[in-house]
Amino acid sequence: MKTLLLTLVVVTIVCLDLGYTKTCLISPSSTPQTCPQGQDTCFLKALCDKLCPIRGPVIEQGCAATCPEFRSNYRSLLCCTTDNCNH
C-alpha cells in the first residue's frame with residue numbers, strides 16, 4: 001500500500017512539474033519551437049519598408065507574452081494562442 005501511495009505521489013509531482021508549454025512557428029525557418037515560459041501568444045508580422053514593392057513584405061514569426069503593438073510599417077499582424085497557429 002505504501003508503495004502504491006508513493007508511486008502516485010511521484011507521478012503527480014512529475015505531471016505537475018511538466019506543465020504546458022506553447023509552441024509557435026519561429027522565423028526564418030517557420031519551424032515549430034517551444035516558447036519560453038510566460039510567452040503564450042504566437043504572432044506573425046508582415047513588415048514593409050521601401051523595398052516592399054520589389055521583394056514583398058518581410059515576415060516575422062515568434063512567441064510573445066502579449067500581442068505586439070501594431071506599427072505603421074506593418075502590412076499585417078496576427079496574434080493567436082493555440083499551438084503553431086501563426087502560419
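Backbone N, Cα and C atoms are what each Cβ position is placed from, and that goes for glycine too.
Remember, it's a predicted structure, so these values are computed and weren't measured experimentally.
Here's what Swiss-Prot has on this protein:
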SIGNAL    1-21  signal peptide
DISULFID  Cys24-Cys42  disulfide bond
DISULFID  Cys35-Cys63  disulfide bond
DISULFID  Cys48-Cys52  disulfide bond
DISULFID  Cys67-Cys79  disulfide bond
DISULFID  Cys80-Cys85  disulfide bond
Are any of Cys35, Cys42, Cys48, Cys80 (the disulfide-bonded residues) within 10 Å of Cys67 (disulfide bond) when you go C-alpha to C-alpha, and if so which?
Cys42, Cys80
Could you tell me which of these disulfide-bonded residues, Cys35, Cys48, has the greatest number of Cβ atoms within 10 Å of its own Cβ?
Cys35
DSSP-derived structure type at Cys52 (disulfide bond), helix or strand or else coil:
helix
Reduce the DSSP letter at Cys67 (disulfide bond) to three states and note it down.
coil
Alpha-carbon spacing, Cys48 (disulfide bond) to Cys42 (disulfide bond), which is rounded to whole Å:
20
Can you name the disulfide-bonded residues among Cys35, Cys42, Cys52, Cys85 whose CA is within 10 A of the CA of Cys79 (disulfide bond)?
Cys42, Cys85
At a 10 A cut-off on CB-CB distances, which of the disulfide-bonded residues Cys42, Cys67, Cys80, Cys85 has the highest count?
Cys42
Check the Cα distances from Cys24 (disulfide bond) to each of the disulfide-bonded residues Cys35, Cys52, Cys63, Cys85 and keep only the ones within 10 Å.
Cys35, Cys63, Cys85
